[in-house]
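Structure, as structure tokens:
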Amino acid sequence: MNDPLPPLREVIREYDLRAKKSFGQNFLLDLNLTRRIARIPGDLSKAVVYEVGPGPGGLTRALLMEDAGRVLSVEMDKRCLPALADVSTAFGDRLTVVEGDALQINEPEVLGLSDTQSSGVTEAHIVSNLPYNVGTQLLIKWLTLADWKPWYTSLTLMFQREVAERIVAKPGTKAYGRLSVLAQWRGQVKIAMKVPAAAFTPPPKVESAVIHYRPSEPIDADVKLGDLEKVVEKAFMQRRKMLRASLKGLVPDTISLIEAAGLEPTQRAETVSVEQFVRLAKVYRRTLDGTA
Ligand code: SAM
């Protein structure tokens, strides 16, 4: 499908949408690039896409041109709403725009996912060129849902490259940490595309990358998310220290906890695999409950 709208540069000029730093605005104006991002999740024709921060609508248009069944975009910057209304009209109202803060949104409710039968929508995908100032917070919101049959089928998200590398990092690397464990203990994640700073208007100081994430069964369904978050946070808070020091205070006998999980007290957090963190969280729970 061809683009029925004027070029984005014209739209930005017409509606005076100069990028604001406070909103984390770095726009993508190249439709070839945004269409490549829109294709990452696969066939979207029967899906609803949830997009955070459409801005002037570059990625939004690309999603609609790539045949997304429906797109719901949440934008905080009121200035963008008239330009987005034009996109909605041009694409036969397949786009709905909600003004608001994505951190506060109850997504299944605004997407109407409880009513999937009557809407014909079979799945929801999140696709976004995230505002960098709240990107990690949003990712954590989506990775830490209590109900692990998540409402979304996949995440396709632009981050600063350094953050993307932390999300996909493997043990034994500097980038490996809390984000890696949260993203990998019940999901598959990869870097789907690297994006140079020059692709954005204005260009940010650093390179970017798009990650693609699909939720899966957890490594161990008995582990409580809160317990995993607790041990991982504590272990990485002082990542250079050995586990016997960094985990101190978690339970009265830290060494027994570490050994019962099959780990060495002298290991450092970055050498502990995702599976081992999951085991550690399980032993932690048993210790707290007095059943270890
Ligand atoms: N999607 C557009 C593109 O690719 O050109 C804009 C991406 S820009 C990196 C991030 C967008 O998110 C901006 O339009 C900004 O106003 C919006 N935004 C920032 N914080 C937000 C929040 N908490 N909730 C919703 N939108 C937000």
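For all residues, glycine too, the Cβ spot is worked out from N, Cα and C.
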Annotated companion of ASN26, LEU28, GLU75, ASP101, ASN129 at the S-adenosyl-L-methionine site, TrEMBL, chosen from GLY42, GLY53, GLY57, GLY172: GLY53
Largest inter-residue Cα distance among ASN26, LEU28, GLY53, GLU75, ASP101, ASN129 [record-listed S-adenosyl-L-methionine binders, Å]: 21
